[in-house]
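Heads up, the thing below is written out as structure tokens.
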Ligand SMILES: O=C(O)CCCC[C@@H]1SC[C@@H]2NC(=O)N[C@@H]21
């Protein structure tokens, strides 16, 4: 781990935190907001790779846990880790790791299409695999309701996946971080 790695990890934790300035939007069925922060998660994994991307999101969650109001709506503190969005928060780390791992694996041929598919696989499939059971458990709703309620996030998350993919491809061209010697 170099000084540059630490700076990049802190930078992407900060970028994801800043995305909390967009007000949370609540949809019917579930007490889980639409948030721009899942875009930060995709960017962390897709630009930094698995290890640094996962650490960036972990750092953000540690700062949230110690009470900083870095989640949308100015939320923070330990309570969020037992609330209805706890599964999604855990899924953020898993998603950054998965997106980072897939980006490293497909680095040489990375195109807008590949990067979008990677962000959808990590930022929707992996993230929701943690979030849906988490919200069912914490909010006391059936898994089917958690599943149906979460489907409403998909269109927005696909838009975020395309934006993240465009950034990943642009960064790969101009300032590649993945695939570089530390
Ligand atoms: O702020 C929180 O406590 C976490 C919110 C998690 C929201 C999830 S992330 C995936 C899905 N897409 C969204 O826009 N919202 C949910």
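Cβ atoms here come from the backbone N, Cα and C positions, even for glycine.
Unlike curated entries, TrEMBL annotations are predicted automatically.
As the structure is a computational prediction, the values presented were derived from the model and not from experiment.
TrEMBL lists transmembrane segment at one of the ranges 109-130, 131-152, namely 109-130. Within the listed segments 78-102, 153-177, TrEMBL records transmembrane segment for the stretch 78-102. Residues 38, 41-42, 45-46, 87-88, 90-92, 94-96, 98-99, 102-103, 150, 153-154, 157-158, 160-162, 164-166, 168-169, 172 of the same chain lie 6 or more positions beyond the ends of the transmembrane segment (109-130) yet place their CB under 8 Å from a CB of it. Listed as Cβ neighbours of the transmembrane segment (78-102) (distance under 8 Å, sequence separation of 6 or more from its ends, same chain) are residues 30-33, 37-38, 41-42, 44-46, 48-54, 56-58, 60-61, 64-65, 71, 118-119, 121-123, 126-135, 137-139, 178.
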